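My questions all concern the structure below.
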There are 2 protein chains.
Amino acid sequence: MRRFSLLTSGIALCAATVAYANDDLITQMDDSKQWAIQTGDYKNHRYSELDEINAENVGDLQVAWTFSTGVLRGHEGSPLVIGDTMYVHTPFPNIVYALDLSNEGKIIWKYEPKQDPDVIPVMCCDTVNRGVAYADGKIFLHQADTKVVALDANTGDVLWEVQNGDPSIGETNTATVLPVKDKVIVGISGGEFGVRGHVTAYDINSGELVWRAYSLGPDDDMLVDPENTTHLGKPIGENSSLNSWEGDQWMIGGGTTWGWYAADMEENLFYYGTGNPSTWNPAQRPGDNRWTMTVMARDIDTGMAKWFYQMTPHDEWDYDGVNENILTEQEFDGEMRKLLTRFDRNGLAYTMDRVTGELLVAEKFDPVVNWTTGVDMDPNSETYGRPQVVAQYSTAQNGEDVNTTGICPAALGTKDQQPAAYSPKTQVFYVPTNHVCMDYEPFRVSYTAGQPYVGATLSMYPAPDSHGGMGNFIAWDNINGEILWSIPEKFSVWSGALATAGDVVFYGTLEGHLKAVHADTGEELYRFKTPSGIIGNVMTYEHDGRQYVGVLSGVGGWAGIGLAAGLTNPNDGLGAVGGYAALSDYTALGGQLTVFALPN
Amino acid sequence: MRRFSLLTSGIALCAATVAYANDDLITQMDDSKQWAIQTGDYKNHRYSELDEINAENVGDLQVAWTFSTGVLRGHEGSPLVIGDTMYVHTPFPNIVYALDLSNEGKIIWKYEPKQDPDVIPVMCCDTVNRGVAYADGKIFLHQADTKVVALDANTGDVLWEVQNGDPSIGETNTATVLPVKDKVIVGISGGEFGVRGHVTAYDINSGELVWRAYSLGPDDDMLVDPENTTHLGKPIGENSSLNSWEGDQWMIGGGTTWGWYAADMEENLFYYGTGNPSTWNPAQRPGDNRWTMTVMARDIDTGMAKWFYQMTPHDEWDYDGVNENILTEQEFDGEMRKLLTRFDRNGLAYTMDRVTGELLVAEKFDPVVNWTTGVDMDPNSETYGRPQVVAQYSTAQNGEDVNTTGICPAALGTKDQQPAAYSPKTQVFYVPTNHVCMDYEPFRVSYTAGQPYVGATLSMYPAPDSHGGMGNFIAWDNINGEILWSIPEKFSVWSGALATAGDVVFYGTLEGHLKAVHADTGEELYRFKTPSGIIGNVMTYEHDGRQYVGVLSGVGGWAGIGLAAGLTNPNDGLGAVGGYAALSDYTALGGQLTVFALPN
Ligand SMILES: O=C(O)c1cc(C(=O)O)c2c(n1)C(=O)C(=O)c1cc(C(=O)O)[nH]c1-2
Ligand SMILES: O=C(O)c1cc(C(=O)O)c2c(n1)C(=O)C(=O)c1cc(C(=O)O)[nH]c1-2
């Protein structure tokens with residue numbers, strides 16, 4: 001597995017080249033004692049150099065302390081640690097706590113925004129929030145109602161706030177923000193409400209809007225250059241989005257931007273993906289629906305697009321393309337490349353050149369994926385880069401009001417928002433996955449602002465003829481495009497993974513276990529039943545010379561929506577309620593941080 | 001301290017004499033591996049013979065597993081353990097979970113009653129519930145809305161249910177029930193709504209009402225015998241209650257019965273106390289207001305009263321007399337006596353003969369208590385058994401609309417519902433206490449059914465000229481009436497204590513710590529910060545050969561009402577909000593079970 005020794009750490013690569021308000025953040029990200037950004041670093045590695053807790057001793061792990069957030073429903077994201085302070089956020093109403101690590105977690109300050117609860121029913125997939133961000137002495141919170149707030153990290157005082165979207169038309173937020181250079185880059189949710197996705201940069205000091213780039217629509221709105229913005233190496237040309245929609249449909253066309261963001265400061269690029277086209281009924285929106293379902297590389301300063309790659313043209317299954325892009329430097333075909341690896345909802349794991357947008361690998365990361373036979377990898381082909389669709393599982397080909405059955409994966413994908421980790425030490429990706437299939441029946445729906453614009457009835461169930469469970473936790477080789485090992489799980493693994501230099505990989509389960517497995521073999525080394533199902537992401541930090549591992553419990557998210565929102569009709573929750581009904585035998589709602597350490 | 005060796009365990013005394021539906025419960029209570037009743041046993045000892053966890057090794061304690069209840073606000077009471085099953089309850093809406101201890105706490109069944117949320121505003125002191133009871137294969141839940149439900153312990157199916165009170169006139173419930181012989185004995189809350197207290201026995205198998213005894217009113221309603229029911233050895237005489245009230249005031253006179261119950265099956269008696277007279281404005285209800293503020297011994301089968309003792313005649317401070325009565329067999333003045341010891345809200349600890357109702361000891365269990373100079377102990381005195389009131393702190397003498405300041409203790413007493421533990425091994429009582437004083441200004445109030453009938457404005461603060469904190473955890477010698485040691489605490493200790501044969505005493509703090517101290521010295525041996533403030537009671541059990549200690553977190557109760565109900569006006573929450581405001585620097589709402597064990 002260890003093809004060559006570890007290169008420079010992600011951040012060190014660019015630290016010398018910047019002199020911005022977020023130098024402080026870069027220093028913090030470089031210091032493995034901190035957990036300064038939700039994603040671990042700009043490269044989305046979720047890897048820590050800390051190794052006090054390691055494969056030898058992780059079996060002795062203990063709970064060191066705990067903290068109840070005072071909020072129920074799904075707790076995604078993780079705390080941050082900056083110095084002696086831990087920042088803990090909650091789902092709606094998006095409380096932020098600053099806890100004193102030197103004083104038994106005493107609450108230094110608490111920020112509780114006043115938000116109109118009317119935003120709750122326009123959140124598609126639970127009232128989750130994927131966490132606050134830190135830079136330059138500020139904590140950035142992007143609320144459910146799309147207000148972006150900068151707080152003084154020491155006092156919790158509001159430094160600036162700005163309204164990014166309009167919940168009355170279904171614009172909401174669940175994502176964390178990306179503080180990079182002198183900007184805070186933020187996305188938007190609402191693909192199930194016909195929201196037209198956009199990404200916006202605000203000035204990190206004032207909150208002033210610097211630029212906004214839509215995912216679809218006119219070139220000017222999209223911040224694209226028909227000549228210089230490329231798709232698989234070719235210029236996208238004029239009106240590349242408008243040309244792929246009928247009439248005005250792009251105006252309510254989705255492509256929201258609620259996933260994880262990465263940055264390569266050397267290239268001055270940031271990366272993210274766009275979500276599903278609206279509605280879920282493909283018959284209502286002929287065309288490729290560009291640039292939904294697309295990974296995008298954009299200039300940090302201007303927002304101008306450098307390259308796009310559309311994973312799932314004309315989506316027929318709700319395979320949002322928002323999953324995280326993990327940036328690595330690895331040898332590929334004998335050459336060191338700057339890579340981008342992503343585990344897409346559609347069940348394919350892509351390895352790309354992140355500078356050029358060249359597609360290098362596209363392989364299924366769950367063998368049950370059946371809607372496609374794979375991606376056309378022939379650069380000279382007409383359908384280069386397109387997934388080949390299997391007619392039987394094409395909800396577009398089967399048509400409206402036809403129930404297409406047995407599609408794998410289900411709409412929530414082989415992986416949803418739950419982020420993977422990458423260990424530069426093992427050069428392996430550790431990926432929380434879903435092992436769920438579905439029936440999907442599209443129907444005609446009309447658009448009303450602020451009302452669901454879904455147009456499909458779904459039901460979900462464990463992948464048939466498999467181990468019976470709804471998830472796997474896998475190790476992935478992104479160079480050869482293959483699974484190295486796979487741990488079957490009863491439910492989807494909806495928690496984010498953490499890899500460490502101690503050769504341990506951590507993840508949480510929907511039943512509520514924190515699990516530690518060996519990075520090389522997947523062997524389970526430790527498990528602990530936390531208060532509630534885990535959909536948070538595991539993080540680690542060091543304080544007073546001791547390594548800690550922390551994770552939020554609080555079942556919910558799309559997978560846990562039945563429990564979180566108290567739904568029982570199997571088709572409710574966009575089809576997830578039935579599939580995950582058994583979850584209520586294992587856990588109840590919660591909202592707790594559990595922090596682990598080795599015995600003193 | 002060890003005056004003589006341990007007598008028979010509480011239950012063994014009577015096990016031979018009964019053959020009732022709850023024989024099963026007695027067997028379970030006698031087995032220290034179980035935690036079969038909220039109070040540990042019928043004698044309210046909260047003591048366990050288990051000693052795997054002991055003073056030597058408790059410092060190594062670890063969290064074994066956790067469970068989120070899915071409900072926020074104050075979690076009083078504790079789980080029960082019967083065999084392989086743990087029963088966990090919640091505050092309103094009073095969910096009950098049966099958890100499989102052999103299967104990582106998997107949920108065997110969940111019972112969630114449908115209750116009208118209108119009951120919430122008529123609960124005086126948070127939406128707490130002090131737990132379910134077990135007997136004869138049934139789990140008994142007494143809901144907030146006063147519905148008493150018997151569930152099949154194996155399936156959660158409802159076997160019978162009965163409505164005990166009427167929330168529309170302010171009758172609610174927070175207490176656990178007492179299953180004894182063929183009855184389930186239940187109390188009522190609502191002293192702040194002019195509810196006239198009562199205790200009711202239902203048939204354990206059918207739920208049929210067997211008898212009901214009011215705390216005040218006509219003799220027939222009260223189930224008293226003017227000749228044979230005694231007060232301090234003398235017959236109470238005819239109309240003993242009516243004579244102590246003006247006109248019809250007894251009809252809205254309080255004396256509710258929301259505390260802990262004890263039973264002595266050899267004597268066929270059960271014991272409990274009655275709460276404050278309504279209103280809190282003493283000027284509005286001249287007289288002794290009998291039999292509020294009274295400890296009562298009644299026949300289990302008939303409800304007929306054997307003896308009463310009124311601790312605080314004509315209450316002027318809201319010193320409800322409902323605290324637990326702890327039954328012991330100890331030597332007193334060279335003679336073995338069947339004793340009853342109680343730590344009253346009014347700041348006095350009473351030791352009594354529980355067969356005759358003779359008063360043996362009455363001493364302050366916090367030296368700051370200042371409203372009384374003590375109890376007249378001269379049997380020949382006119383005022384025998386009465387506390388001598390200090391004029392300066394008499395809100396009755398100072399009159400309506402006068403703010404009497406500096407009264408100690410505050411209305412929530414030197415101890416409120418948080419139950420003490422007794423170790424037969426050390427013959428010491430371990431008592432969670434409040435160290436809080438108050439200003440109290442009575443005002444005229446008129447009665448409207450279902451509306452608060454309080455009539456006093458309070459503010460609370462830490463006992464002046466003391467250690468600055470609001471609580472102490474003390475060890476008490478009930479024979480000599482003296483404090484053996486005292487641990488100062490920042491906040492009131494609102495959690496129930498547990499004593500074990502391992503010479504360890506456990507209690508929780510409002511900040512959220514579970515603490516273990518040495519039974520002999522009070523030395524702190526272990527502390528762990530649970531997710532939320534602890535107002536639950538610590539319990540212990542053994543499973544698969546391993547001893548566990550469990551406690552519910554979830555800040556609230558009267559002390560935590562500011563956090564629990566989101567109140568900020570210092571005088572709100574019947575005066576508790578201001579005093580406990582600093583609690584929000586330490587903890588947030590929760591609802592979690594934390595279970596501890598030694599390392600494997
Ligand atoms: O299209 C959208 O705007 C949008 C938003 C969100 C969200 O903001 O959480 C999710 C999804 N889609 C979605 O498709 C999805 O699977 C999903 C899962 C989750 C989650 O947090 O568990 N959110 C979302
Ligand atoms: O008079 C009553 O009926 C009544 C009821 C209750 C209750 O049911 O919780 C409390 C009280 N009074 C009370 O005085 C009091 O101090 C109190 C504390 C608590 C608690 O659970 O923290 N309940 C109650």
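Backbone N, Cα and C define each Cβ position, glycine as well.
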Which one of B:Glu76, B:Glu316, B:Glu324, B:Glu329 goes with B:Arg130, B:Thr174, B:Thr256 at the pyrroloquinoline quinone site, as TrEMBL has it?
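Answer per TrEMBL: B:Glu76.
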Per TrEMBL, which one of B:Asn154, B:Asn239, B:Asn276 shares the Ca(2+) site with B:Glu192, B:Asp318?
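Answer, per TrEMBL (Ca(2+) site with B:Glu192, B:Asp318), from B:Asn154, B:Asn239, B:Asn276: B:Asn276.
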What is the disulfide partner of B:Cys125 among B:Cys14, B:Cys124, as given in TrEMBL?
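Its disulfide partner, as TrEMBL records it, is B:Cys124.
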Near B:Glu192 (Ca(2+) binding site), meaning Cα within 10 Å, which of B:Glu76, B:Cys124, B:Thr174 (recorded positions)?
B:Cys124
Would you identify the secondary structure of B:Cys124 (disulfide bond) according to DSSP, in three states?
strand
If proximity means a C-beta under 8 angstroms from chain A, which of B:Cys125, B:Arg130, B:Glu192, B:Thr256, B:Asn276, B:Asp318 count? These are the recorded positions.
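Nothing passes the 8 Å Cβ test.
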Among the recorded positions B:Cys124, B:Arg130, B:Thr174, B:Thr256, name every one whose Cβ is found under 6 angstroms from ligand 2, counting any of its atoms.
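Within range of ligand 2: B:Cys124, B:Thr174, B:Thr256.
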Just give me the nearest neighbour of B:Asn276 (Ca(2+) binding site) among the recorded positions B:Cys124, B:Arg130, B:Thr174, B:Asp318, Cα to Cα.
B:Asp318
Any idea what the Cα distance is from B:Arg130 (pyrroloquinoline quinone binding site) over to B:Asp318 (active site, proton acceptor), rounded to a whole Å?
21
How big is the gap, in Å, between the Cα of B:Thr174 (pyrroloquinoline quinone binding site) and that of B:Cys125 (disulfide bond), rounded to a whole number?
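Each residue's Cα considered, B:Thr174 (pyrroloquinoline quinone binding site) and B:Cys125 (disulfide bond) end up 9 Å apart.
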Under a criterion of Cβ-Cβ distance under 8 Å and sequence separation of at least 6, what residues of the same chain contact B:Cys125 (disulfide bond)?
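Sequence-distant Cβ neighbours: B:Thr174, B:Gly557, B:Trp558, B:Ile561, B:Gly573, B:Leu574.
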Would you count the other CB atoms within 10 A of the CB of B:Thr256 (pyrroloquinoline quinone binding site), including those on all shown protein chains?
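Cβ-Cβ neighbours of B:Thr256 (pyrroloquinoline quinone binding site) within 10 Å number 33.
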Express the predicted model's confidence over the domain 'Pyrrolo-quinoline quinone repeat' (B:35-368) as a mean pLDDT, rounded to an integer.
98
Taking the center of the Cβ atoms of B:Glu192, B:Asn276, B:Asp318 at the recorded Ca(2+) site, which other residues in this chain have a Cβ no more than 8 Å from that point?
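Once B:Glu192, B:Asn276, B:Asp318 are set aside, the remaining close residues are B:Cys124, B:Gly191, B:Gly254, B:Gly275, B:Pro277, B:Ser278, B:Trp280, B:Asp315, B:Asp320, B:Ala411, B:Val454, B:Leu574.
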Using a 10 angstroms cut-off on Cβ to Cβ distances, just flag whichever of B:Glu76, B:Glu192, B:Asp318 is the loneliest among these recorded positions.
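Among the recorded positions B:Glu76, B:Glu192, B:Asp318, the lowest count of other Cβ atoms within 10 Å belongs to B:Glu192.
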